[in-house]
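Presented below is the structure to which this report refers.
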């Protein structure tokens, strides 16, 4: 008869005990890291229900620092950035006047929207050989006919409007109920003929003071206005008396179709003004944001409008700007509030743009709205 060695059983039991202790210790350390590393989750859970914190409270200073300490987007996981941003929403937002003025002063030196946002008779005299933004070898000679289309001077001046809303087209706007807050702004910018029909007004509002039109939309949807003139005119009437803004001098392909927009509105005796981005303004804005890490073939129209708004408005609010497939709560959203058509890959650097907006929000320079609004 063979007998089991009792010491062997004790060794096996001891090994299992050590393994169990190791697993428990590892789990405990991991749990403590989750609780203590970077943020105190339990404390924040209860703080959330205490109501919004004042902008300059110690807690909010810490939360803003957690956004600002991320110098480049690749430093943190997307979920980590979302969590930090979501935590910051418990803080009231207020404009940091000194930070905002300093930033606007920088924009004034590099870009100067009040003087160069649009081509005007003042900044682009008759006979000017205007260089395109992209086709730098291309030159457009400003003749009498084109010169008459330009306003005599910029229609807007520095800090003219108290509160502006720049409305992007992101799916983050869907079910936001931000329409009333957008409509309450003194001046509203919109991008690329977005739908503002009754189906969407609760979320996106209707007020529009400037709406941009990408010439590719005119080419694809309205056959370059060679035949489809009235349908295009009807689309613009949705925005009532909003000014129409186009990048006529971005490249040579854009010019004729952009100028045709002016002819169409004149033919239908529309009161809507037509303006064209000054190509040098677009070049300067692109260079400025490149210096802040936005590397793209072309910056988005939204970023251009935000840059201009920061000079033309005292206070700037952003709606519909979000470049991720999930909202800050981790729920999947459509790319636009009206469809899920993705952009051409590699053309814009939208995540980098949004990342910069979150920094500007944290510095009190502008406000980014990504949640549900409770206006007025």
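Each residue, glycine too, has its Cβ placed from N, Cα and C.
Annotation source Swiss-Prot lists active site, proton donor/acceptor at 348. Sequence annotations record features per position, and here Swiss-Prot assigns substrate binding site to 192, 214, 215, 216, 300, 301, 302. Annotation comment: Swiss-Prot describes 164-313, 178-373 as disulfide bond. For 56, 96, 241, 284, the entry in Swiss-Prot reads N-linked glycosylation site, with the evidence type sequence analysis. The annotation topological domain 'Cytoplasmic' is assigned in Swiss-Prot to 1-17 on the grounds of sequence analysis. The topological domain 'Lumenal' annotation in Swiss-Prot covers 39-376. Taken from Swiss-Prot, the feature transmembrane segment applies to 18-38.
Where Swiss-Prot records a feature, it is marked here on the structure.
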| residue | record | DSSP (3 states) |
| --- | --- | --- |
| 96 | N-linked glycosylation site | coil |
| 164 | disulfide bond | strand |
| 192 | substrate binding site | coil |
| 216 | substrate binding site | helix |
| 241 | N-linked glycosylation site | coil |
| 284 | N-linked glycosylation site | helix |
| 300 | substrate binding site | coil |
| 313 | disulfide bond | strand |
| 373 | disulfide bond | coil |
Rounded inter-Cα distance in Å - residue 96 (N-linked glycosylation site), residue 300 (substrate binding site): 26
Neighbour tally for residue 214 (substrate binding site), based on other Cβ positions within 10 Å of its Cβ: 17
Candidates 215, 302: member of the binding-site residues with the richest Cβ shell (10 Å): 302
For the topological domain 'Lumenal' (39-376), mean pLDDT (0 to 100): 93
Between residue 302 (substrate binding site) and residue 178 (disulfide bond): CA-CA distance (Å): 18
C-alpha spacing of residue 241 (N-linked glycosylation site) relative to residue 301 (substrate binding site), in angstrom: 21
Proximal residue to residue 216 (substrate binding site) among recorded positions 56, 164, 284, 313, 373 (C-alpha distance): 284
Pairwise C-alpha maximum, in angstrom, for the residues (192, 214, 215, 216, 300, 301, 302) that bind substrate according to the record: 16
Recorded positions (56, 216, 284, 300), the one with most neighbouring Cβ atoms at 10 Å: 300
Cβ-Cβ neighbours of residue 164 (disulfide bond) (radius 10 Å): 26
Same chain, 6+ residues apart, C-beta under 8 Å of the C-beta of residue 241 (N-linked glycosylation site), given in sequence order: 271, 272
Residue from 192, 214, 215, 300, 302 whose C-alpha is spatially nearest that of residue 164 (disulfide bond), among the binding-site residues: 302
Rounded inter-Cα distance in Å - residue 302 (substrate binding site), residue 56 (N-linked glycosylation site): 29
DSSP state at residue 178 (disulfide bond), helix/strand/coil: coil
Pairwise Cα distance for residue 215 (substrate binding site)/residue 284 (N-linked glycosylation site) [Å, integer]: 21
